[in-house]
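Copied over from Swiss-Prot, here are the features:
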{"type": "REGION", "residues": "289-311", "note": "region 'Disordered'"}
{"type": "TOPO_DOM", "residues": "1-83", "note": "topological domain 'Extracellular'"}
{"type": "TOPO_DOM", "residues": "105-125", "note": "topological domain 'Cytoplasmic'"}
{"type": "TOPO_DOM", "residues": "147-188", "note": "topological domain 'Extracellular'"}
{"type": "TOPO_DOM", "residues": "210-229", "note": "topological domain 'Cytoplasmic'"}
{"type": "TOPO_DOM", "residues": "251-257", "note": "topological domain 'Extracellular'"}
{"type": "TOPO_DOM", "residues": "279-356", "note": "topological domain 'Cytoplasmic'"}
{"type": "TOPO_DOM", "residues": "378-386", "note": "topological domain 'Extracellular'"}
{"type": "TOPO_DOM", "residues": "408-428", "note": "topological domain 'Cytoplasmic'"}
{"type": "TOPO_DOM", "residues": "450-459", "note": "topological domain 'Extracellular'"}
{"type": "TOPO_DOM", "residues": "481-491", "note": "topological domain 'Cytoplasmic'"}
{"type": "TOPO_DOM", "residues": "513-523", "note": "topological domain 'Extracellular'"}
{"type": "TOPO_DOM", "residues": "545-555", "note": "topological domain 'Cytoplasmic'"}
{"type": "TRANSMEM", "residues": "84-104", "note": "transmembrane segment"}
{"type": "TRANSMEM", "residues": "126-146", "note": "transmembrane segment"}
{"type": "TRANSMEM", "residues": "189-209", "note": "transmembrane segment"}
{"type": "TRANSMEM", "residues": "230-250", "note": "transmembrane segment"}
{"type": "TRANSMEM", "residues": "258-278", "note": "transmembrane segment"}
{"type": "TRANSMEM", "residues": "357-377", "note": "transmembrane segment"}
{"type": "TRANSMEM", "residues": "387-407", "note": "transmembrane segment"}
{"type": "TRANSMEM", "residues": "429-449", "note": "transmembrane segment"}
{"type": "TRANSMEM", "residues": "460-480", "note": "transmembrane segment"}
{"type": "TRANSMEM", "residues": "492-512", "note": "transmembrane segment"}
{"type": "TRANSMEM", "residues": "524-544", "note": "transmembrane segment"}
Amino acid sequence: MSNEDETTRLMSSDEMDYLLETAGINALEEIISQNDSTGINLDTNETAQDSSYDSIRRSPSILSVAKSVEGEHGRRKLLCLYGLVMIICIAESISMTATIPLVMDKVAEGISDENGHYDSVAVQTIVSSISSSTMMIAGAISIFMAGKWGELSDRIGRVRVFKYMSGIRVIGLLTHVFTLSSKMKYHKWAIVLTACIVPSFGGLFALVANGNSYVSDIVKTEHRMVTIGIMMSCIYATMGVGPMFGSFLVKWTHGNGFIPIYTSIAFVILALIICETIMVEPRHETQMAHSQSTYTKRREKLRSQSGSDDARNYQSVTYGKFQIMRLMDLLAPVKKLWLKPDSAGSLVPRHTVILLIVLDILFVCGTTSCMPALILFSTYEYKWHAVELGYFISILGIGRGVVLLVVSPTLLYTLKRIYQHLNHSIDKIDIFCIQFSMIVITLSLFVMIRFGEKTPTSMIIFALLQALSAFCSPTLQSGIIKYTSKKHTGEMFGAMALVRSCVMLVIPPILLKLYGSTVSVNPSLFMYIPFSTSIVAILLTFFLRIYKNPPLDGP
């Protein structure tokens, strides 16, 4: 596999905000360039070590992406990819909110007495435990499976991997709906294990990674960032509309929560049909054969290094070495975040990157990590069901998409006219965006702590304020990759994705556990943790320093 293919494969779903904002920036600059005769001047003396964020300013717009794909056949492949991704994402988002009330009903059925009475606090505690167990198991498996899917798609093709992912989704949804139906008695671990199937082996992380690989096969290098940004906008659109559509289905069927899941299964089956009939494999047979040959040689090399004559011991040692090497290979990109001193011996770049990583962790703690516990809080405090949850998630998802595609590019364009944009270091534009985002995150959590137990309107205000922080993630990521050369961009993204995955593996289960333990005393107590981390994040932003030396050569 070439270095270029490897870099593309390392792109993960954690780049979603960064890539989507890229698409918005280019769309805005295309409009400006058409209406303003002065346009945006390009610096022809920029070197190959320019940051990725600067490449956004010079890259083609969305309106010219179609020209980057050679021939009508290539453009049709892209349209098929966008359609397939949207169908799979809407299938996932439709059942997202309907599943939670079904799990709660199943738990209530399992712990109720002979008269049908049950303790609602006990239900919240058990559902919290189910959610945290599911997230931990699925998160641990998906970290390893994401890389495996990328390797597998190189060997057998992108379309076949899409087929496998769709098939796994059908199996996962069918088994999960069976465990929640009246045909099966309540069993906690049956619900947990069936809920782990889809996110562990065919979740959004793997879907986006395979989509990135598909794009890399048919789109020129200089146009890939914008093309992937368009794919991300398709994902955000469907992930925002899906929960609302699911709410309409539940309302239309008078509260039948199984209908959205059946609809999801139908959409996934449609995706399977599209893969079988319309989708065209972009990867050439010789490339797949080369990847298979490389994989076989690597396995043979591991066997030859085992040095064991005993057959059984030989197999176990080989397998153990192979898994250890895979684990080390998975963690290898993290070393890129520990930058070397520059030519003058300064450690400012290293300290800044570490601080940005810490801010990214705190950002995740204040946004994504608290959502599972917050959703359970809403079902307990406001008695929300699938319909209301669908509206809430749709507001949050659509709001983030609007901010990334409209508000963020406009804000950045305005700030670039006020402050100097730096290619080799974070600048005042980045610091302003990070500080603003952390402030609105803190305000959103304060609203929930202060008014969350009084009115459900606080959830809507929370969603709108959280949406305003959407450009924090791309700002942090673009700031980090300013300190490295383009040839290491994929590895840096991979390292950041791995750090985020580890955070999501730990923090949400902790918040769910805390919520389950305190729901009978103070349901909103868990919110103080993300609220505290957000305050710490605001304070840390004042320690960010602009690196004034010439651009780095990269780590």
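Backbone N, Cα and C define each Cβ position, glycine as well.
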Original post:
Same chain, outside the transmembrane segment (230-250) by at least 6, Cβ under 8 Å from its Cβ: which residues?
Top reply: 16, 19-20, 23, 62, 65, 81-82, 85-86, 89-98, 204, 208, 211-212, 215, 256-257, 259-260, 263, 385-394, 396-398, 400-401, 404-405
Subject >> Cβ contacts under 8 Å made by the transmembrane segment (126-146) with residues that lie 6+ beyond its boundaries >> reply: 12, 100, 103-104, 107, 111, 188, 191-193, 195-196, 199-201, 203, 205-206, 209, 326, 330, 372-373, 376, 498, 501-502, 504-505, 508-510, 512-513, 515-516, 519
**OP:** With pairs restricted to those 6 or more apart in sequence, evaluate whether the transmembrane segment (429-449) and the transmembrane segment (357-377) have 3+ C-beta pairs under 8 Å.
**Re:** yes
